[in-house]
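These come from Swiss-Prot:
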type: ACT_SITE; residues: C75; note: active site, proton donor
type: ACT_SITE; residues: C210; note: active site, proton acceptor
type: BINDING; residues: N15, N66, G76, N77, N150, N183, E201, R202, G211, T212; note: substrate binding site
Amino acid sequence: MTTKIKFTKMHGAGNDYIYVDTTRYPIAAPEKKAIEWSKFHTGIGSDGLILIGSSDKADFSMRIFNADGSEAMMCGNGSRCVGKYVYEYGLTAKKEITLDTRSGIKVLKLHVEGGKVTAVTVDMGSPLETEAVDFGDQFPFQSTRVSMGNPHLVTFVEDITQINLPEIGPQLENYHLFPDRTNVEFAQIVGKDTIRMRVWERGSGITQACGTGACATAVAAVLHGLAGRKCDIIMDGGTVTIEWEEATGHILMTGPATKVFDGEMEG
């Protein structure tokens, strides 16, 4: 008998994933399922697969698999959607929950109106590492490497529309300085504490948004004196607000979480 697996497709600022409650629907070989289901013509279509599970360290756990089957350390947009999922599907009544991820325990604050989660604030912790990167003659810009539990390469440019992201994104993702590959962000200051950003995600390619990438971009902007400690990051799929708390050193990310549809696939 064929097993049916129920899923929910959700997105955070356009960064869309397939969500499965593995306490009800265990998934074998999630790497393969992520590849199969993420295909737009023959699968569901998404940036990847996120598994929600139990944890002995937190209220819930989250595992993230990119569209190419690789497992990610963290997904900021995905964590917001997990918060919406567990609240609206009755897995918790709490409006502040903890989430066990490969990059540590994250604290989520749910903004609820009329029984629905309208936004989620995620305490992303402190940036783990920052470093200037100079490519010499190979690329005509300087970048900043920022780790938010996963690696990011942030580059500020005068005109983001002039960046050929499909061409340069994979070159930088796989550049020899980054043996584990890297996420790639290009950003432009468009107003006071307002930044336009586009992303090439490691393992997924161009996506509509990247939460950890938005955090990394805000960190780089502060370090270079381009923005204050609280700013809006405008991405292709939507906007998130990032605050780098001076007192704690933590990054707070606030943004939307949206359900697209429910469905079921063969296991």
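Just so you know, glycine gets a Cβ as well, placed from its N, Cα and C.
In sequence order, A72, M74, C75, G78, V199, S204, T207, C210, G213 are the same-chain residues whose CB sits within 8 A of the CB centroid of N15, N66, G76, N77, N150, N183, E201, R202, G211, T212, the residues recorded for substrate being left out. For the substrate site listed in the record, the two most distant Cα atoms among N15, N66, G76, N77, N150, N183, E201, R202, G211, T212 lie 16 Å apart. Long-range C-beta contacts of C75 (active site, proton donor), restricted to its own chain and to partners at least six residues apart, with a cutoff below 8 Å, comprise N15, Y17, G48, I50, M62, I64, G211, T212. Between the CA atoms of E201 (substrate binding site) and the residue listed as 'active site, proton acceptor' there is a gap of 8 Å, rounded to the nearest whole number.
Taking the Cβ of the residue listed as 'active site, proton acceptor' as centre and 10 Å as the limit, one finds 36 other Cβ atoms among all the protein chains shown. Non-local neighbourhood of G76 (substrate binding site): G12, V122, M124, M148, C210, G211, T212, G213, A214, C215, V240, M253, each in the same chain, at least six residues away, with C-beta under 8 Å from its C-beta. Take the CB of E201 (substrate binding site) and look out to 10 A: across all protein chains shown you find 27 other CB atoms. Under the three-state DSSP scheme, the residue listed as 'active site, proton donor' falls in the coil class. The Cβ neighbour count for G211 (substrate binding site), using a 10 Å radius and every protein chain shown, is 28. Every protein chain considered, the tally of other Cβ atoms within 10 Å of the Cβ of N15 (substrate binding site) stands at 32.
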